[in-house]
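TrEMBL annotations:
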TRANSMEM  21-44  transmembrane segment
DOMAIN    31-474  domain 'Major facilitator superfamily (MFS) profile'
TRANSMEM  79-100  transmembrane segment
TRANSMEM  112-133  transmembrane segment
TRANSMEM  139-160  transmembrane segment
TRANSMEM  172-190  transmembrane segment
TRANSMEM  202-223  transmembrane segment
TRANSMEM  288-309  transmembrane segment
TRANSMEM  324-346  transmembrane segment
TRANSMEM  353-375  transmembrane segment
TRANSMEM  381-408  transmembrane segment
TRANSMEM  420-441  transmembrane segment
TRANSMEM  447-470  transmembrane segment
REGION    502-529  region 'Disordered'
COMPBIAS  510-521  compositional bias 'Polar residues'
Amino acid sequence: MENKQQSNGVMKENNAVKKKVNWSGSLIVASLTGAFGSSFLYGYNLSVVNAPSAYIKKFYNETWERRYGFSMDEGTLTLLWSMTVSIFAIGGLVGAIIVTPIVKFFGRKCTLLLNNVFAVTAALLMSLSLLAGSFEMLMLGRIIMGVDAGISLSALPMYLSEISPKEIRGSLGQVTAIFICIGVFTGQVLGLPEIFGQESRWPYLFGAIIIPSLIQVVILPFLPESPRYLLLEKHNTSKAEKAFQKFLGKDDVSREIEEVLAESRVQRNTKLVSIPQLLRTRAVRWQIVTVVVTMGCYQLCGLNAIWYYTNNIFSEAGINRETIPYVTLSTGAAETLAAVFSGLVIERVGRRPLLLGGFGLMTVFFSVLTVSLTLQDTVHWLPYLSIFCILAIIASFCIGPGGIPFVLTGEFFQQSQRPAAFMIAGTVNWLSNFAVGLLFPFIQAGLQTYCFLVFAAICFAGATYLFCVLPETKNKTFHEISQAFAKRNKVTLEMQEMNHYPGERKSSAEQESNFTSSVDNGETKKEVV
């Protein structure tokens, strides 16, 4: 009876805590500023090259002719343009590989700030390429911008997951996806003929990259570093407490400090885990597989193919070619609205239903789109069904698969494993991105409209795997999520703890005593205890 009453008391206390959770001003500013200078630029650079593509190709040809006295052939021009587009993914892969040591030594916030060096350098190279008469500057700028994106898509979700309370961790994590969508939409808007979508103005499209970077550099230094990073990796209790107070908007952060210290007591002798060490850790085996599957499906689910077909489908529906750029804005708007909707409901619905629903709906709409594209010459209204399917696929992607993979990567792993986990996720992300860019033209040429069945199969396979493996992580601590995977990883809870925290183990009393004695003036000393 007593245990039952105590349990009910704890549940009531937890519910009360959940009701009190709010979005402090610092938390909102940190998430918006971090995303605006990071994931926004990733989305922007995905779409910004589409509108001025004809003018850029003309610039390539004129530069070649001025240098060598003859025009380049169509094959060479196509190759150069394909390299300009796809080299962004190569830079992203480089960024994903180098992000682990950077976030370890400089911290999450400082990594985001330093990353702006890449963004500003890339913006200057690309915006001045026309003036300098060098298309190599544009290509070099694209690969440097890719490095910026590779770093930011790992460092930003890491930062957001570590500064947010677990009750709103999913909503805050979705900020990454929302700003990717806003970036895509902004690139479409600025690429309109009335703005920068003209032959003489296209360099301004790339120069605009500097603005979000400068805003981030001005605002982000006034916000705290990740409190978990400060406490677990820098061993600075005083700064960690102040960071928690600022982000949570309250003075009493003892509960949050104690949650992190519970991890710190067993982790403080553990160094940052490398990728080989993480891959050999049995207790996180299925977490790694799940991250690889979700990140792979994130890129391979066919959204890039949708952008490829959009103009043709709108044209077949009878829309004038001059009007198509404006109608295309509807795709960016649908993407942004769906991402915002996902951010609003993720803490109520959960990660699992949104991911399963997103991939499931994409499977259905890809199948319908295949039928409508194949038969659109026989029935006059089918092109309009194709337009609906395009918008539905984009919305379905952004509701779940577009942002939740980044959230899950931050939730599955403990502090010392997180950088290596994001490096694995980022590598899979960018390799899949490059594979789509490289292979899709061949798939499209061979299968024509039936190529969408390939993406329907990938979405179905992803949904099936997640249905069988993925537990719900909403409002759960790292320890609770690890327990959900323990049976599948075939480890007992004791083995799991030993796998997470290898090395010599001490009694809880001895660890507590040593930890307490190492604290001096609010800061934990760095000597090994």
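Placement of Cβ uses the backbone N, Cα and C atoms for every residue, glycine included.
Beyond the ends of the transmembrane segment (420-441), by six or more residues, the same chain brings 82, 85-86, 89-90, 92-93, 95-97, 99-100, 150, 153-155, 157-158, 272-275, 277-278, 284, 287-288, 291-292, 295-296, 298-300, 304-305, 308, 405-406, 409-410, 412-413, 451 to within a C-beta distance below 8 angstroms of the stretch.
Contact between the transmembrane segment (21-44) and the transmembrane segment (202-223) is supported: at least 3 Cβ pairs lie under 8 Å, counting only residues 6 or more apart in sequence. Sequence-distant contacts of the transmembrane segment (288-309) (same chain, at least 6 residues past either end, Cβ-Cβ under 8 Å): 47, 50, 278-279, 331, 355, 359, 362, 366, 373, 390, 393-394, 397, 401-402, 404-405, 408-409, 412, 421, 424-425, 428-429, 432-433, 435-437, 440, 444, 451-452, 454-456, 458-459, 461-462, 465-466, 469-470. Among the listed stretches 139-160, 202-223, 324-346, 353-375, 447-470, the one sharing the most Cβ pairs under 8 Å with the transmembrane segment (381-408) is 353-375.
Taking pairs at least six residues apart, the transmembrane segment (202-223) and the transmembrane segment (353-375) share fewer than three Cβ pairs below 8 Å and do not count as touching. Comparison of 112-133, 172-190, 324-346, 447-470 by number of C-beta pairs under 8 angstroms to the transmembrane segment (353-375) places 447-470 first. Per-stretch counts of Cβ pairs under 8 Å to the transmembrane segment (324-346) identify 172-190 as the leading one among 112-133, 172-190, 447-470. Outside the transmembrane segment (447-470) by six or more residues, the chain places 286, 289-290, 293-294, 296-297, 300-302, 305, 351-352, 355-356, 359-360, 362-363, 366-367, 369-370, 373-374, 401, 408, 440, 488 with a CB less than 8 A from a CB of the stretch.
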